[in-house]
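As recorded in TrEMBL, the features of this protein are as follows:
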BINDING   N10, W11, K12, G173, S213, G234, G235  substrate binding site
ACT_SITE  H95  active site, electrophile
ACT_SITE  E167  active site, proton acceptor
Amino acid sequence: MQRTPIIAGNWKMHKTIQEARDFVRAVRSFLPGGKVETVICAPFTALAALVEELHNYPAAIGAQNVHWEESGAYTGEISPGMLVEIGVKYVIIGHSERREYFAETDETVNRKAKAAFAHGLLPIVCVGENLEQRESGKTKELVRDQVIRAVEGLSSEQAKQLVIAYEPVWAIGTGKSSSAEDAQEVIAFIRSMVEDAFDSQVASQVRIQYGGSVKPDNIMAYLEQPDIDGALVGGASLAPDSFLQLVEAVRRQ
Ligand SMILES: O=C(CO)COP(=O)(O)O
């Protein structure tokens, strides 16, 4: 089963609407279609403008969070239907920054993933260990729990469309990326967890990215690994040049 690699920029809390427009105007005519899927995950305020700017260009837009309810007394939250209404296709769920600073749990990740699928949004579910967990040899145990709990109750059809991002917390924004071999080992393990939870067909179709200090000069090493289907990129997705270099690396793969 050939999986289309997916390169996603996670802008986190960066870029005003105008900055977002300037960015995509600089990159959009260089985006390849077909062999690579390009996604930009932007702050809520910039999403509608990005959808408009990228109309007829080969890139999808993602949000960085979503609530599981469709409406209600949830001050400050955004529902799946609201994102779909403006043309958003993906949503990052369970990023380690949300788990750490905003009390995201495996349970809320699961609720959000189910709600996203129910409304036609595709989740990019983030998992990954922190330094202490890694140093005490708990990486696989932790990642297994996060994956199994995230996919609970999803149908096989939904699970096939899932994107999982393996992002070791100690590698995020630190410049200390995981070695490609270590990332491959954990990502192959995640794929085997998906097989246990569903079946081998689902496991061969689910796309699993690496994230954590990915840059144009190290992305190739990850892409050469058999189970790594692209990258979720923070810092290096913020400048048009480095973003395009990352996309180009995936296209050439
Ligand atoms: O958190 C990340 C993507 O979601 C990774 O961030 P950096 O690429 O800046 O390390």
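Positions of Cβ are set from backbone N, Cα and C atoms, glycine also.
Spacing of N10 (substrate binding site) relative to the residue listed as 'active site, proton acceptor' is 12 Å (Cα to Cα, whole number). H95 (active site, electrophile) sits 8 Å from E167 (active site, proton acceptor), taking the Cα positions as reference. The substrate-binding residues named in the record, N10, W11, K12, G173, S213, G234, G235, extend over a maximum Cα to Cα distance of 14 Å. The Cβ of K12 (substrate binding site) has 19 neighbouring Cβ atoms from other residues within 10 Å, across all protein chains displayed. Reduced to three states, the DSSP call for K12 (substrate binding site) is coil. Burial estimate for the binding-site residues (G173, G234, G235): highest at G234, by number of other CB atoms within 10 Å. Sequence-distant contacts (6 or more apart, same chain, Cβ under 8 Å) of E167 (active site, proton acceptor) comprise H95, S96, C126, V127, G128, Y210, G211, G212, L232. In sequence order, A20, I40, C41, A42, P43, A46, Q64, G234, S237, L238 constitute the residues six or more apart from W11 (substrate binding site) in its chain with CB-CB distances below 8 Å. There are 26 other CB atoms within 10 A of the CB of N10 (substrate binding site), with all protein chains counted. Non-local neighbourhood of S213 (substrate binding site): A171, I172, G173, T174, G175, K176, S177, G235, each in the same chain, at least six residues away, with C-beta under 8 Å from its C-beta. DSSP assigns G173 (substrate binding site) to coil in the three-state reduction, placing it in neither a helix nor a strand. The residues near the substrate site, meaning same-chain residues not in N10, W11, K12, G173, S213, G234, G235 whose C-beta sits within 8 angstroms of the mean position of the site's C-beta atoms, are I172, V233, A236, S237, L238, in sequence order.
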